[in-house]
Amino acid sequence: LFCCVTEQMPDQATTPSPSQSLQPPNRGDEKDDENSNQQDEILFDVNTFLQKLATSSTSFDYDDSNDSDDGTVVTLTEPELTSLRKLNKRIRTLIEERQRKFRRSVTGDEKRRIRDHARDKIKQTAKQTRHSVEQTARRVVTGDSSKRIADWAREAKVVKTVDKFSFMLGVFSLLSTEYVLLKYPQHFGYFYVAVMSYMIVLRIYLYSKARYIYFLIDFCYFTNASCFVSVLLLPQNSTLWRINYASSNGLLLAAILAWRNSLVFHSLDKITSFALHMMPCLLTFLQRWPSDGSSAMCPQQLDEGNAECKLGVQGAFTDPVLFYISWQAYYIIQTEVIDRERLKGDPDLATSMRWITRDTKNPMHKMALSACRATGILKQNEKFDPETVKTKTVFVAFQLFFMMSTLVPVPFMFSNCDFHWVCLMLVFGFAVWNGSNYYFEVFAARYIQKFEDQKKVVAPVGVSPAKGGDDDKLACAVTKEE
């Protein structure tokens with residue numbers, strides 16, 4: 001153990017005068033408490049030790065290993081080391097006593113750390129605040145602080161009101177899209193980005209809760225992200241626009257038929273699915289056939305006047321297929337490598353692969369199953385299993401073939417505005433037809449059930465059912481009229 005003191009050498013040290021000598025405090029003073037006595041004793045021992053050290057005749061050794069050290073190194077004897085150890089122990093005891101006293105004044109328990117007490121207080125305050133906000137929200141929304149908002153939202157009256165509002169919002173969205181498309185076609189790209197950003201963010205939230213999160217890495221989202229980049233970052237990049245044109249009017253337009261998208265105005269999920277596939281088609285349609293003729297896809301028209309604008313093999317097939325393969329590679333890496341264990345351990349997590357292989361009514365499922373049974377890949381009574389390598393390989397290959405087949409009409413759309421418009425209207429009509437089927441089939445069944453319940457009319461009081469009469473006829477007539 002070493003102690004650093006001032007640079008004063010032993011021969012330069014002076015003996016303090018009697019007036020400067022330190023005297024121990026009066027330990028018999030009954031007014032001093034125990035802590036004060038401990039402090040006075042420590043102060044006395046420190047000063048006594050320094051006084052003794054200053055007048056000591058012990059040899060001093062300089063530490064030449066560190067040039068920046070300006071102090072003098074003193075070698076202490078064993079009794080002095082023992083005195084220092086005792087002094088250090090007494091100081092630590094006093095510090096611990098002060099710490100226990102401070103803990104007791106703050107937390108009420110001398111053994112409880114202040115940081116733990118503060119953490120528990122923060123958690124308790126946050127819990128109380130959350131409970132208070134929850135109670136206030138319940139009281140404002142439901143009128144009863146003990147009734148959960150989720151239970152209130154499932155009530156028939158609330159569901160009907162939400163459906164009516166959603167229906168109105170869906171129709172309003174369609175009219176707004178039509179207005180921007182006709183009145184401000186040059187700004188439709190920004191309208192598209194704003195609307196689809198809102199829908200995609202909302203879908204991320206809803207699908208995360210419904211365990212459909214892996215649907216958000218499908219090709220339609222990949223294409224919409226590419227359209228976002230074209231609108232916001234690369235508006236004059238003709239190569240990227242042609243890729244988006246072929247992908248949107250090829251696979252995305254055909255996906256409306258394959259996934260049986262429907263235009264159901266009161267269903268946010270169905271409207272979002274339809275918009276994800278149709279909005280990029282409308283965007284690229286306006287970019288290809290602008291009113292002022294300044295198409296970003298055909299910059300040579302501006303340079304060469306009436307030069308013919310063609311999509312070409314690269315724009316119609318090569319680039320879109322490479323774009324699709326890049327997405328497919330990412331999808332396989334994400335689901336089969338990165339999240340393999342998660343998907344394997346949770347069969348209820350939905351992916352597009354699992355959805356298609358289990359949806360026996362899906363047209364793509366039917367075509368793939370028929371082709372595999374005809375070629376002997378599957379036996380006649382064998383079905384798809386989404387967890388096997390064979391099923392995954394079949395669908396990856398079949399989806400690639402389906403994607404390439406959807407590119408066949410794209411060059412004709414690109415070269416003929418009328419043909420492009422007809423294709424869009426046919427697919428739009430298919431979605432409207434599916435929506436009308438939903439309304440008339442599902443809603444009609446509900447209303448028929450309600451009418452069946454109304455037929456059960458109780459006979460009026462005082463009239464015997466066996467006698468019949470005018471009252472019975474009137475009741476039957478009212479029921480029939482209802």
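Glycine is no exception: its Cβ is also placed from the backbone N, Cα and C atoms.
Please treat TrEMBL annotations as automatic predictions, because they have not gone through curation.
As given in TrEMBL:
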- 1-37: region 'Disordered' (REGION)
- 16-25: compositional bias 'Low complexity' (COMPBIAS)
- 188-206: transmembrane segment (TRANSMEM)
- 213-234: transmembrane segment (TRANSMEM)
- 393-413: transmembrane segment (TRANSMEM)
- 419-440: transmembrane segment (TRANSMEM)
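Residues 249, 253, 256-257, 260-265, 270, 274, 278, 281-282, 285, 288-289, 409, 412-413 of the same chain, all 6+ positions outside the transmembrane segment (419-440), place their C-beta atoms under 8 angstroms from a C-beta of that stretch.
Residues 245-246, 249-251, 253-254, 258, 311, 316-317, 320-321, 324-325, 328, 332, 353, 356-357, 364, 367-368, 371-372, 377, 384, 419-420, 423 of the same chain lie 6 or more positions beyond the ends of the transmembrane segment (393-413) yet place their CB under 8 Å from a CB of it. Long-range contacts of the transmembrane segment (188-206) within its own chain (CB-CB distance under 8 A, at least 6 residues past either end) are made by residues 173, 177, 180-181, 213, 216, 221, 224, 227-228, 230-232, 235, 268-269, 271-272, 275-276, 279-280, 282-283, 286-287.
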